[in-house]
Structures are given as C-alpha cells and as structure tokens.
Amino acid sequence: MGRIVIEGGYPLEGTVRVSGAKNAVLPILAASLLAEEGVSQIEEVPHLLDVRVMADTVSALGAKLEWNGSTIRVDARRLLSVCPPAELVRKMRASFVVAGPLLARFGEAMVALPGGCNIGPRPVDLHIKGLEALGATAVVENGYVHFRAPRGGLHGARIYLDVPSVGATQNIMMAAVLAKGQTIIENAAKEPENVDLANYLNAMGARVRGAGTDVIRIEGVNRLRGATHAVIPDRIEAGTFLIAAALIGRGVYVENALSHHLMSLIAKLEEAGAVIEDHVEGIKVWPCQGGRMKPLDVKTHYYPSFPTDLQAQMVAALTVAQGTSTVTETVFENRFMHVAELQRMGANIHIEGRTAVIEGVPRLTGARVTATDLRAGAALVIAGLLAEGQTEVYGLHHIDRGYDDLVGKFRQLGARLERIEGDPEIAIAKSVG
Ligand SMILES: CC(=O)N[C@H]1[C@@H](OP(=O)(O)OP(=O)(O)OC[C@H]2O[C@@H](n3ccc(=O)[nH]c3=O)[C@H](O)[C@@H]2O)O[C@H](CO)[C@@H](O)[C@@H]1O
Ligand SMILES: C=C(OP(=O)(O)O)C(=O)O
C-alpha cells in the first residue's frame, strides 16, 4: 500500500537528473537473451519495478544477472527455458517482447498474453502477424501464445504494420536479426527507444538500418554476442519534470534531458508561455507567467508527435490554465482515468469522446486521490504540487513501475512531499485497539 503526502504550493528550483529510459531498457534486457557469446553490460539502468520484473523474467529463462548500481551484466550464453513465468509476463506489457529473441535463438517461445497499464484494450495481433510473416506459427491457447519457427529457421520478409506499434516493431526487429535474409518493416514505430534497441542490437553484431524512420531494414546474421550499451535518458520522466517546472518552477534544470526527443512537448510548453533553454547536457525551464499556462490544444500521436505517456501530466497542468484547453488521446482508447481523480481536486474537465475539454480554474485544492495507471500517478503528483493544501496519492505501485525515486527527485527541487508506507486505515485500527 503506501501513499505520497504532498503539501502543495512550494516552488521548484535547482537541478534534477533524469534516469535511463524504462521503455528502452526493457526491450534491451529482452534483446540480451540473443547473445550466444560474451556478456552484455547495460548501463544507466533506472531503478524501477518494471526493470525488476524484466530482470526476473530474463533470470527465470536461465540468464545470469549481476547488478552493480545502475549497471547490469547479463550472461545469456546458457538459457534453460523458452517459457517465461506467466505471473511475471502478466505484470507488464513489455515482457511480451521476449518472444522475438527466444523464437529467433531457439526456434520456439511460449509467452503468456501480457499485462500492462489499464489504458484500454492492448492486443498483440501485430506482434503475432509480424512473427508469422517471418515463418513462425503462433497458437493461442490457455492464455499463452506458442510460437514455433519452421524447420529451417525464420526467414526475412517484408512486413507492413497497420499501426506503428512500438512493441510489435521491437519483437519483429529482435526476431529478424537472426532470420535468414532481409526483413523490411514498413510503417515501423520511430520512437527513440526503438533506435536505442537497434543500436544495442548492432553493437551485438546485428545489421539493423533505418531505426527511427518509417522503414527499418534488417539483414539477418548467424550469431550475436554480448555488448556494452548505455541506455538513453527517459524522455517521459524528463517531460514530467518539464511540465511541473513550467508551472511552479523558479528555474529548473532537467539534466540529461534530450531536447530532440521532446520537440512536441517543448513546442507546447513554449506556446503555453514557458521559456525553455536547450543546454548541452539538459534543458532549463522557466515558468509560465503567474504559474498558469495559456490554454492549449494537444493531440497525442505516435512519435515524434505529442506522446500519450505525457498526456495525463499535461491534463493536470492545464487544469489551472488561463482558459479552455482540449487534449485528444488518439493512441489508447481509455486513457482518461486520471480525470475523475483530478476532479476531486477541483479540476473542471469533461470528456467528449476521445477529447478532454479542460476549463482552467484558478487553483486546485488538495484531496485524497488514487493513481489508476503509471502516468496518471505522475499527473496526480503534479496536481498535488500545484494544489492548495494537502494531497494524498494512493496506488503507488503504478508510479513505482516507471519512475526512479519520483518523490526524492521532487524533494531535491524543494517540493514538500513524502512517501509513507503502510495502510493508514490499518494503522488507525491498530492504534485504536
Ligand atoms: C513498454 C513500452 O514501451 N510501452 C510503451 C509502448 O507500448 P506498446 O508497445 O504496448 O504500444 P503500441 O505502440 O504497441 O500501441 C499503439 C497502439 O497500437 C495498438 N496495437 C498495438 C499492438 C498490436 O499488436 N495491435 C494493436 O492494435 C494499441 O492498442 C495501441 O492503440 O508504446 C506506447 C505508445 O507510445 C506507450 O504508451 C507505452 O509506454
Ligand atoms: C503505458 C506505459 O507503460 P506500459 O506500456 O508498460 O504499460 C507507460 O510507460 O506509460
């Protein structure tokens, strides 16, 4: 259980350092399973629940992992299983991407249908279609997908993705690196995390070209070896701090944030009145006048458009904008669960189809709220920092999935918040008798 208790209204000032990207390190750990020789060294690994789950998944398959601060060494030379434990896979969406590497290396993978944030239906049909195009068969039964490569192994193919799915692009890329011949993925996801994955695969000896564009070309090789790789900074964590600093900052330097990964957010923050300075090693942000944004129209879409993973945080910020804003979610069907919680804090928002219409109010007031998913949790923390009075945020396991010490980092910037473990109701019951 546990909660974050926030005293709102204190300004943010100083420097905060962004950790490595969750959505890059997860597929990279899966890709480490491809190394038949040598050991991989993954650096800049954030301390997250999801990383722990992926590390446990990779270990359960037989890889040997050694942690040293934010570095993990993975020895995947001898693996024991092609079936990761379902209880781990069901914990998060990203675990499904172990299918590609296992299928490529062993000709078989049996992976449970994945879990992940509660943000609408999240099928894996494109992952399956892509791996089938490489020659695999896929049978869905008892909650698992059982992939098998043909007798002669996977072969290259031309694959057009109906939507540029991040995870499907990763799974296909990781299977194709060991397939015979050339694979072309068209309408591929262009997210920087996929470029990072491709860079790691290439360091392992793969031949992947075009990651970060719509068309990725992969020439299959026979074997891959372990490699050293530093994970890129987390643009969503960086964006979360930039949004908060645009409202209640007094000059905040977000160290390790890469502006070229955050163009859509920076453009919107500037439109809202914040001043953004691009430095070599980070981004400095000065707040909007009076700590309130000018109203905005924001629409989420695939990279490089505005990321769905920053939508909730932006909605929180716009609750106190100087007018009416709209935020349209086009990537996921049900990613407005934070709205009901923000309403408890005095936000004036109504949902019209896939659009949140936000009438800016002069201030939010503290309340007891619950994170329903990872980014909803970050949005509620931002709202708590803005609000008058005390806010308690519950549902911390969501936040722990994807933020490396969110509370500590905001405290470092001068915010007043603390994490309290345990269930207050149980504590009260115990103290009463
Ligand atoms: C661990 C990780 O990296 N998670 C990110 C990844 O999730 P994830 O890889 O799950 O997201 P996708 O890019 O696959 O999903 C995008 C859209 O495609 C649809 N779709 C996807 C796969 C499929 O087989 N069929 C299908 O219809 C989804 O329902 C969704 O509407 O990208 C999302 C979109 O940027 C982010 O919000 C997540 O933080
Ligand atoms: C939706 C997210 O994660 P996942 O895809 O792992 O559920 C996220 O990082 O915001």
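Don't overthink the numbers, they just go from 1 along the chain as shown.
In case you wondered, yes, glycine gets a Cβ from its N, Cα and C as well.
TrEMBL names R93, R122, P123, V124, D125, L126, D309 as UDP-N-acetyl-alpha-D-glucosamine ligands; from the candidate set V280, V285, V331, the record adds V331 to that same site.
Here the domain 'Enolpyruvate transferase' (7-409) has a mean pLDDT of 96 out of 100. Cα-Cα distance from K22 (phosphoenolpyruvate binding site) to V124 (UDP-N-acetyl-alpha-D-glucosamine binding site): 20 Å (rounded to the nearest whole number). When the binding-site residues K22, R93, R122 are compared by the number of other CB atoms within 10 angstroms of each CB, R122 has the fewest. Neighbour density around each Cβ, counted as other Cβ atoms within 10 Å, peaks among the binding-site residues V124, L126, V331 at V124.
It is D309 that, of the binding-site residues D125, D309, has its Cβ surrounded by the most other Cβ atoms within 10 Å. The full span of the recorded UDP-N-acetyl-alpha-D-glucosamine binding residues, R93, R122, P123, V124, D125, L126, D309, V331, taken as their largest Cα to Cα distance, is 22 Å.
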